[in-house]
């Protein structure tokens, strides 16, 4: 390798270029890791839910598991950033610093080699010059000797010419000897420098270049290892992230999700009872047996309001409009009272079958059958959400009230802690006046006490509503059970409005009750036919009924139920005088009759 200086120069340059090429590879890998982590974080941010109220927080195990997976994926993205940071610091940064040092060291060694080669070339030139000078002087000496010999043998030559030629020969010979000595010295010096160059200087420079290239190779090896270690260090944490995803997947519980759906939409209402059998043949048998409509009804027969109403609906009249008969006045014997399972009394009416049928006959003019539903829907849209959540079904109302009580208790605890802190601070100020004025804390303390009193009142009010709801839910089940028992005892005795009497002797028949004035609504907006009562209710609280479609009621008033709550918190009721409207379900105590339910 003593004469391969240029080749070594090229090899060391290739080594540095390869080092920089690998550094560029690491840089691009770092950019990939950073972009990958950034994209993962953007993906997590895109699918993570925004900050939402507590009511909208995910409760289903599948949703919670997905959000846990997103959190683990976010941690995984963080580990990719750690990999990029480790590679940038430990591999790429180290490679760039080492490449700069390597270039400086290589440049220094190559300069030393070039200087040694230049010095050797200079010695060779000096030796070559002395050699050429010695060779020229020797030729001149030979010429002088030949000239001297020619003149010495020539008889015609003078003695002076011979002496001059001899002196010239001696001079040239002397100069040739001096050049010979100089050439010998230069040659000896060159040989020494050449030996030193090829056996000492150049090997030392080559050795330094070899060590430099070996260190470059070792550095590459270390960077390869660091490149892998950067990835291996985060493998345990990445494994934990993946294990977290697996645990999140295993935490999905389909039964729990189903139960949450049930709890979320559970209303607390009981399903409707069985539809009763409607015997449309009773009027036929009565007509055959009586022969006239004026014949008194047998004692054992009972009129079915739904049957007569259905018959009246199906009649066709000659001129398109059926007459509106005037109802006979009420007699004192037509009004009686009946007791409900909870002990309250309300009036019932015993009605002659023929008169009852006549009272249900109205005009045959086309009507708008959906007017009732339009009024009801319009009112439900306008009705605001009440503070006590009475517009919600019982079960949902109970949950909302319980959530509000929990929130108020947390706020009360915060205010209590703040009050204690203010009291302690006030004591400190009183003991150390230089720290502050105790009186400056009094307004804040008064405000905190006021907030605590307000929160206690709110908690007490909501707890009262909660107790009311829980009591009603329990009482409703008891009343339902009691109503079923009463139905079995009375054997189907029913008043004209769908209620039952406790005593068969109270079923005295009389003229019908006029439920509404003929001119209360226009014919175009008149309801089809009065709905039969499916139960009764007692007003627990007064209700003003200012909005259109509602029915005002007083506390303790007895009303007929003609339409159950559809889940919107409103029940349709009717007064004894026929006035109908919607009342809040939470304001009444409802008792439904099983045989009339769904009529």
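Cβ coordinates are placed from backbone N, Cα and C, and glycine is handled just like the others.
Segment annotation: TrEMBL labels coiled coil over residues 398-432 (candidates 398-432, 433-467, 538-572). Residues of the same chain lying 6 or more positions beyond the ends of the coiled coil (398-432) and with a Cβ under 8 Å from any Cβ of it are 54-55, 263, 268, 388-389, 392, 438, 441-442, 444-445, 448-449, 451-452, 455-456, 458-459, 462-463, 465-466, 469-470, 473. When averaged over the domain 'SH3' (532-593), pLDDT in the model lands at 87.
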